[in-house]
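Let me begin by presenting the structure, written as structure tokens, before commenting on it.
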């Protein structure tokens, strides 16, 4: 196998073997601690522009299958693992990660001390990195200088959002799903509940959204900094108070910003399938799937009409808010799971219920 | 919810003696639980009959009772202590069953004692097959087609409906006792009969066999606020069909996609919520490899062996937190003790692979059935961690200490292809090694998959290992190749073999090339949060996280997997040594490979390295830590065996020097030393062939004790009485040669005495002397030991003290030593000296309050016994009588002969203590699981040489109203002296035969002494096995029989008629 390197902006170099595409790639290097679910992870559009390292060392064990994609075209910039399986074993497996990455032009590097990389990110925060082309003779100093000077693109949402609206029909509640980089899981959960969904681009206006006469609006997850999507914030401002809204991840952050709150960048984010979140109303804690690098500043909520409903048990960061007046609730984590635990799956039911209640009120 | 303030005192029930299916993991769980309850301010009362544990140390609980775990004794303690609550879910099945019995008896209600943790009705619902099945039905959780049966007819009906194969699972038994897979009528009848017998409620579950499915386990926890988490999931390399305790297991699961993982996670959590578990719980599932179909296999509503494994595999201390849940705390109120910064309500993320391999006792029991099935046979297990599967599994292989360094058989050239196929198809303890051979012979993984149903993922990994052998062989001393070989776990010994050199040469080459391991932390969170847990494993990666501290350190070697002859008592000594090192102001570092133990709890030592106890793995740590020395005398033979190799590499052995160890262990040097010191030993010599042996035996006189001077796969000691027996032994049992001589010693009949002593180089402290009930010839570990000795004259005691002192000084012991003596014809002889901690250390420490391992460790570190404030010479004798009674696991091991002899067979022990010998023995027998009836029948069948003694026993039995059943020969001898016995036929004679009597439960005791010739076909063997299968105590030593008789006598009044007045 050909060697290749992962070079970080702090000058650290990891040498390993190439898999997937031979091409080089730049991105923000982040880690995720989920032990299963690499297929969902590498196809999660929220990772757009990022080089992802999996902390679990054996990746690709059960191969790639047709069912578990979260998007059609993965948006990650690279994949860093300790060991990539050459001979997967699972009844659904249709190929290896390597084959898939080759087809999609995504570079991967294996043989890396991913724990060392993770500890570095934990201490120093997320860093920019470069995955060299397979077999490339790298001038480390040059790469580091370039990385330090590079401003990573901020239009990730634009990159991964649908270009035009499309329906995913059902016979139940009419939901407009604003796609900021939607995981298929969200659509699947709505369809499972028989929703009649229309997926619209991230820059759809409030008017365009309301033109579908929705019973409710779903704000999807998505990549990057919520402040990079001001048009969405504007749209949401125009939607609050019209119909029930449920937001997930970036959708949650955008809603909070639209309500006057502020966001900040976490040192190294929350990425994994084992994050405890406490529901302040019930006092119960659920294990959730998370993938976010930004969070809502709790102090900034004071001047808004929002209240905190959920917090991360470990660092106390905001994991969910609700509008005190209007039927809107949003969470920072992923109730659609895939990958990860399905503990908060009931939130989709609550959304349906909220739409039912709201429809009832309307009729009165 | 905050912790409960309405309860003040809690009684914790331990798990009793170590038996197969219930081992050291409950010492770990119980110790954690007690300490964690104390930490919360509760008064903790502990009851456990097992003295060889840390949990029965007086520091662990406020009050410790080493008493039998029986309704009678536990009730007495409840009445005396009046605790507010009991916590039964941390003492294994024994603890749970005890709680159920207590509850049924009404005493809990009477004394208003609450049961903490999972409620009894939930336990019942999880354990009663019928209730469990209906719950699963309600929850819409699939279970394999099954039926509860209470007799063989019902079993036939089920099979007629479902067909073979079916699995038999007896209700309420531990380790699957009495169960198995049946493929035909014969097996069905045999296994169902035994299953019904072992189930305390005479109930078995018959189940459609789903052999071949993936076996997946989830270790889950739930609190009273309904927070529920998965601590760890595990995948068995061996598919469904083999008890998980006998399976090779990896964590986390390797072949499950996220959907499969969470499907099974969801159902596991659903079940524990429905059951209302409050604490830890184990859920076992079977997953179809070709679909999303799954079945729930079973649920253990308590901490278990698997939870100990999960705790060590993840770092997450399940038992500790389960205890806190029991007193009302919620998971999201407690900190994760590993990070100290995050909460316990989360699911650990691993960034390494964990492999567990069971340790089976087949090296000791060559005649045992080696097949594995639903009844667990392993006595212990090893765990290893690596950054890939190959590394983890190969590290685990060399942790086993079975002579395997690699996935290969010891003499592969002797194996036919057919044999290899057979041993892969039918799982046994050596399947992993046969797999290696098959791959080496070019068998495809698809073929092996067809034979074994082992997932191709694992087979591919095994193939990677085998394939790399050729690469290594082709490129000796190639740095890149070597680096890769080490990354995938190859031992230096394996590489050396391929390169035709020594492992030391490979080690030196690697060191020069910089191919050395780094140590990664086990932190529960895959490095996401900063942790300070000093818990490490070695791997070949870039970054080392184990930083040597400035403090001077001492490394203690643990004792590896629990096996017969090396049990939990060595872990006890190891832990005490660690504490003593810390008290003496040094940093204590421990290396061990056993996930079940207290010593591998990261909170015990300053640093824990979870690594194989091989010279290579130990040296890596020594290279890094640069300790002032290594302590080897507490880790049993495992640690002692490393001493010479360590010294050869310039490592300082603390305590008794290597030379002194050798002097005590090498036959010739020992004899010489004894001669110099002036202490007699039984006459004996070494023989290198049959002729020599016979000549020696004739010279010193029969009977003689023969044994190999080297260890070879459990070939053992025997007592032989005649030339032809000796010849048979020399030809068949050993391969004598000049390098491997056979020891032939005069076998002295007499009282066996065991003495433990501590020596600081100048002073000798003898905490106590123990007398064995069984005469010399029965292994000391299988004998009942009594403290203080009951039948020794002061003269002999003085001699024993004198000899022990002289031996300790003369053999230059520094630390602990153990000596076996025999007193024959009024003369004291020394049989054996072990220059290390022995199995009686915890027993004696607890009796005498002299913490022997602690004192010895400090003596090793330079503090004299006197300076430590302990007496020299024989310590003052404690009040009362204490007995140590061995416990066996024969019921789990088919075809093993139960006769006691020079080779150890017991798996655990209990302590009985009271004011008289009889009372102490009674407690000991009861604690060991024996039923002592004050009336009944005793079946006697004894060899000719024992007839005289047997007659005396028989007379005493009849005097207390027991009736005697005997075979014609024995009955005739009894009749000759006027003792009436009912004659029963020998095997094959007209009924009722011996076997009928045993099977029908017509005898409460069987006394059977061995007739010579060890062929299992003999009647004696059948009698002994039949007794085991039917749960009847079978005594093979007249001394044990006499002890029981004494107990019964002391319980009963005599029934002798008044002397008739003479008629004048």
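Glycine residues also receive a Cβ, built from the backbone N, Cα and C atoms like all the rest.
Residues or ranges marked as region 'Carboxyphosphate synthetic domain' by TrEMBL: B:1-401.
What TrEMBL lists as ATP 1 binding site is B:129, B:169, B:175, B:176, B:208, B:210, B:215, B:241, B:242, B:243, B:284, B:298. In sequence order, B:146, B:148, B:169, B:171, B:203, B:205 are the residues of the chain that are 6 or more apart from residue B:129 (ATP 1 binding site) and have a CB within less than 8 Å of its CB.
The feature domain 'ATP-grasp' is assigned by TrEMBL to B:133-327 (among others).
Long-range neighbours of residue B:298 (Mg(2+) 1 binding site) (same chain, six or more residues apart, CB within less than 8 Å of its CB): B:132, B:169, B:284. The Mg(2+) 1 binding site feature in TrEMBL is assigned to B:284, B:298.
The feature Mn(2+) 1 binding site is assigned by TrEMBL to B:284, B:298.
Here TrEMBL flags B:298, B:300 as Mg(2+) 2 binding site.
Other Cβ atoms within 10 Å of the Cβ of residue B:300 (Mg(2+) 2 binding site), summed over all protein chains shown, number 24. The Mn(2+) 2 binding site annotation in TrEMBL covers B:298, B:300.
The region 'Carbamoyl phosphate synthetic domain' annotation in TrEMBL covers B:547-929.
The domain 'ATP-grasp' annotation in TrEMBL covers B:671-861 (among others).
For B:707, B:746, B:748, B:752, B:777, B:778, B:779, B:780, B:820, B:832, the entry in TrEMBL reads ATP 2 binding site. Under DSSP, residue B:832 (Mn(2+) 3 binding site) is assigned to a strand (E or B) in the three-state scheme.
Residues or ranges marked as Mn(2+) 3 binding site in TrEMBL: B:820, B:832. In the three-state DSSP scheme, residue B:820 (ATP 2 binding site) is classed as strand.
Here TrEMBL flags B:820, B:832 as Mg(2+) 3 binding site. Around the Cβ of residue B:832 (Mn(2+) 3 binding site), the number of neighbouring Cβ atoms within 10 Å comes to 15.
Taken from TrEMBL, the feature Mn(2+) 4 binding site covers B:832, B:834.
Feature annotation from TrEMBL assigns Mg(2+) 4 binding site to B:832, B:834.
Among the features that TrEMBL reports, region 'Allosteric domain' is placed at B:930-1064.
Taken from TrEMBL, the feature domain 'MGS-like' covers B:930-1064.
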Give the distance between the Cα atoms of residue B:300 (Mg(2+) 2 binding site) and residue B:832 (Mn(2+) 3 binding site), rounded to the nearest whole Å. 44
C-alpha spacing of residue B:832 (Mn(2+) 3 binding site) relative to residue B:777 (ATP 2 binding site), in angstrom: 13
Kindly assign residue B:129 (ATP 1 binding site) to one of the three DSSP-derived states: helix, strand or coil. helix
Check the Cα distances from residue B:820 (ATP 2 binding site) to each of the binding-site residues B:215, B:832, B:834 and keep only the ones within 10 Å. B:832, B:834
DSSP helix/strand/coil residue counts for the region 'Allosteric domain' (B:930-1064): 56 helix, 20 strand, 59 coil
On the 0 to 100 pLDDT scale, where does the domain 'ATP-grasp' (B:133-327) sit on average? 92
Inter-residue C-alpha distance, residue B:748 (ATP 2 binding site) and residue B:832 (Mn(2+) 3 binding site) (nearest angstrom): 13
Most crowded position, judged by CB atoms within 10 A, among B:242, B:748 as binding-site residues: B:242
I'd like the number of other C-beta atoms within 10 A of the C-beta of residue B:215 (ATP 1 binding site), please. 25
Whole-number Å distance separating the Cα atoms of residue B:779 (ATP 2 binding site) and residue B:215 (ATP 1 binding site) is 39
Between residue B:208 (ATP 1 binding site) and residue B:707 (ATP 2 binding site), how many Å separate their Cα atoms? 48
Suppose we draw a 10 Å sphere around the Cβ of residue B:820 (ATP 2 binding site). How many other Cβ atoms does it contain, all chains included? 19
